[in-house]
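Per TrEMBL, the features are:
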type: DOMAIN; residues: 47-123; note: domain 'VWFC'
type: DOMAIN; residues: 173-286; note: domain 'CHRD'
type: DOMAIN; residues: 288-409; note: domain 'CHRD'
type: DOMAIN; residues: 410-533; note: domain 'CHRD'
type: DOMAIN; residues: 539-666; note: domain 'CHRD'
type: DOMAIN; residues: 696-755; note: domain 'VWFC'
type: DOMAIN; residues: 774-843; note: domain 'VWFC'
type: DOMAIN; residues: 864-928; note: domain 'VWFC'
type: SIGNAL; residues: 1-24; note: signal peptide
Amino acid sequence: MLLPRALRSWLCVLSCAWLRAGAASRLKSPALPIQSEREPLPFKGLSGCSFGGRFYSLADMWHPDLGEPFGVMHCVQCLCEPQKSRRGKVFGKVNCKNIKQDCPDPNCDDPVLLPGHCCKTCPKGDDDKKQTDSVLENFEYFHEKGKEKEDDLHKSYNDRSYLSSEDMGPGESRSDFVALLTGGTDLLSSSGVARARFSLTRTSLAFSITYQRMVRPSKIVFLDSDGTTAFEYRVPKGQSDMICGVWKNLAKPLMRQLQSEQIRIRMTTSTTRGEEVEGKIIKHRALFAETFSSTLTSEEENSGTGGIAMLTLSDTENNLHFILILQGLLKHKDKELLSVPIRVQLVYRQHVLREIRANITSHDPDFAEVLTDLNSRELFWLSRGQLEIAVATEAQDPRQISGFITGRKSCDTLQSVMSSGDALTPGKTGGVGSAIFNLYDNGTLDYQVQVAGLTSDVVGLTIELKPRRRNKRSVLYDLTPEYDKATGQATGSWSRLEARHIHMLLQNELFINVATAHSQEGELRGQIKALPYSGLEAPRHELPTPLAGHFVSPPVRSGASGHAWVSVDKQCHLHYEIVVAGLSRADDLTVSAHLHGLAEIGEIDDSSTPHKRLLTGFYGSQAQGVLKDISVELLQHLDQGTAFIQVSTKLNPRGEIRGKVHVPNNCEFGTRGEAEEAEFDDLFVKDPEELKKDPHTCFFENQHRAHGSRWTPGYDKCFSCSCQKRTVICDPVICPVLTCSRTIQPEDKCCPVCDERKEPKDMKAPERVDEHPEGCYFEGDQKMHAPGTTWHPFVPPFGYIKCAVCTCKGSTGEVHCEKVTCPALTCSHPVRRNPSDCCKECPEEERTPGGLEHSDMMQADGPRHCKFGKSYYQNSDNWHPWVPVVGEMKCINCWCDHGVTKCQRKQCPVLTCSDITRRDGSCCPECVDSKEEDDLSIKAPDKRPTRRH
């Protein structure tokens, strides 16, 4: 058994020595393609700790798994401790300790050690149950979850924890938060008020911010519980009062602080006054039901007051529920509990329509109430954004804030994909419908709709409710007069939305239906949904690219359809977002999306040779991401409109739906790597002075190198070096096999290349794989490889892995890597001559160092010893490993096999008794009644280790 990688990480952490892990553990199973276009791992560039091939966020705790034969060290607890560098950058450091001394004394005479435990416990009985209960009491999760159900019975309607988003349905993976931002009360503070809405999906926090009574902010800062900047967002310039952004890759400690309402948000302007507003991020289930909102401001300067209102209509009655979050209305000194009367009014053009009087306290200034039975006029004014909500105190120093009620605002996109699979009578026509909507404060709804691939002419285009009975449609608005048959589009405005319609629109309860001559009830149908903002630079105000089976070659009669937003940024990176609808349950398997560039429009048959890049593989109905390192040809096809996106499924691997993409760009020279490096300034710092301050920088050949960088060393162009946290690793370059008859050796290159200019005209050149002219991009070495070529993969930080061979498949542009199959050997004692070699071979007595290849010289020089921790062992040495914190592990035997450390756990006999125990210092369990314990164990050779220091 080879020394496991996790144990090497363990020794690295505890002895402060970097040990290179075995490359074979990084290999996938044979013949599995490496999808090089996927996004980097979520923890790339993220603060945390790496241990045993796994990543842990700051403040994570775990029991280290050292792999076979060591297993999980249940008596050792590791912690990823946050540390700060001299530059103030937060990073993680692994700290492990032995917790066996902390075990409690069992309250019984014969305690036992259960599998997977560190501490002995009493056998089944009351004491064991009490001990388990006491352990659970120490975990807040169980304690709080037990209290929640009891507390829910006593919560008042005004308690905002009743509106927590944690009780959302199992299919909802989002958590919603809100923040009210106000200024202070001094003269230099801002009079502005802002409302921020947040959606947490996995490790990304998307935010939509609106503001009033202040100029557009220039910077948004998120502050952790200590007041330290956790994330900073530079606000792009613009004219709207909406700010959209995403905080990606939140560390687990920050996510816990977010859930416990310990994160604050601050916005500042770049004006000479330097206005600033700030507020705490809190949870609110009301956000899930909210369909109307209002931001309340004061007419006083620098009052530090403000508020937000979240409102929604009842599902069946015209009752308006609302919750107010207020700030600065109450003036209280010290910590005295004040109860102040307030007056809440519903106002139309300075006429009070409704009024509610209540009391609020300084410790709980929020307020919730219901306005019942709104009449038709009030509902009309509500839909037009003409109702105003005002809150005023009735104390000695009265204060008032007010704001207009409008439809809920966010950076999400109202959109719909219409498919034949979602029609009232489901079918498979291969057609598609796509629509986007924009709701304004005055209740006007702009729409853009496009349809394609239909079986017959459109006879009806309508926005509808969900039918109460089959084939009993409820039409709200008819878009048919705006439909242009020549373009297949309908563009216009619906200016008479009722308040109920706005409520249903923002609750995803409206549908759009496309009726045709052959399908009078509807050939296509789609639900109007809010697509959550994901931060992609795609123009969502423009119609997306429709995706349909009709566009596939040959056409596919699919019930699915979709649409996609595609854009190219200044660095020539492609951003995409795809939404798919209409897949049946049988089709709802893994789907993958590809981006194809064609030589010319129409060349979409089996004989074509398209450039193809995989965008992503995804489950469900949507996917988004960024594609980098795009070929010049593909960028040209995007610019010329001769590219298309295709979504494939397992049932239709050659394409389920497809759509042509036209993205004008100025990327005639391809992706701009320099600009890309500037994006990741924390990973690749170019300033020499900054590099010197970075604790992860490498110093090599009188030059500082950034962590993660790769270069060719000056002493030998046939080596490739990389910097991995202050350690330089250099590996020989392995040249690919050339198929040409004549080669040349460039002066500045290590590997020869084909000399195509000197090929004889009468000599027939060997056939090349031209199915994929672009070749394959491999993420490991970050290079393009020609179709049909093979190479050993370069995987940082391990270098070239000789136990694997990768091949560029020209037909698909995918990289396939397989393990090397070692030949069968006839000798009895095969050896691995170098630790980096993949296969063993029979020893040759006459073999001399001069017979070694140049690429093996670095590993061949010197004795073939083994290093374990800080100790060195000669070939064939045996020892019990000593692991820091744990000590000597007498149940493990290790030995040195020609430079490779191998370890094996002592073999224990199978016991047939029912009462089994394990004595202190014993490797194997034994029967309680056994008297001859020495005969029950298999003795292992006990050699004293020979150590070199």
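Positions of Cβ are set from backbone N, Cα and C atoms, glycine also.
Here the domain 'CHRD' (173-286) is broken down by DSSP into helix, strand and coil counts: 9 helix, 57 strand, 48 coil. Each residue of the domain 'CHRD' (288-409) gets a DSSP state, and the totals for helix, strand and coil are 10 helix, 62 strand, 50 coil.
Within the same chain, the domain 'VWFC' (47-123) packs against the domain 'VWFC' (864-928): three or more Cβ pairs sit under 8 Å, each pair at least 6 residues apart. For the domain 'VWFC' (864-928), the number of residues in each DSSP class (helix H, G, I; strand E, B; coil) is 0 helix, 28 strand, 37 coil. Per DSSP, the secondary structure of the domain 'VWFC' (696-755) breaks down as 0 helix, 24 strand, 36 coil. Shown for the domain 'CHRD' (410-533): DSSP residue counts in helix, strand and coil, namely 14 helix, 64 strand, 46 coil.
For the domain 'VWFC' (696-755), the model gives a mean pLDDT of 76.
Secondary structure by DSSP for the domain 'VWFC' (47-123): 3 helix, 32 strand, 42 coil.
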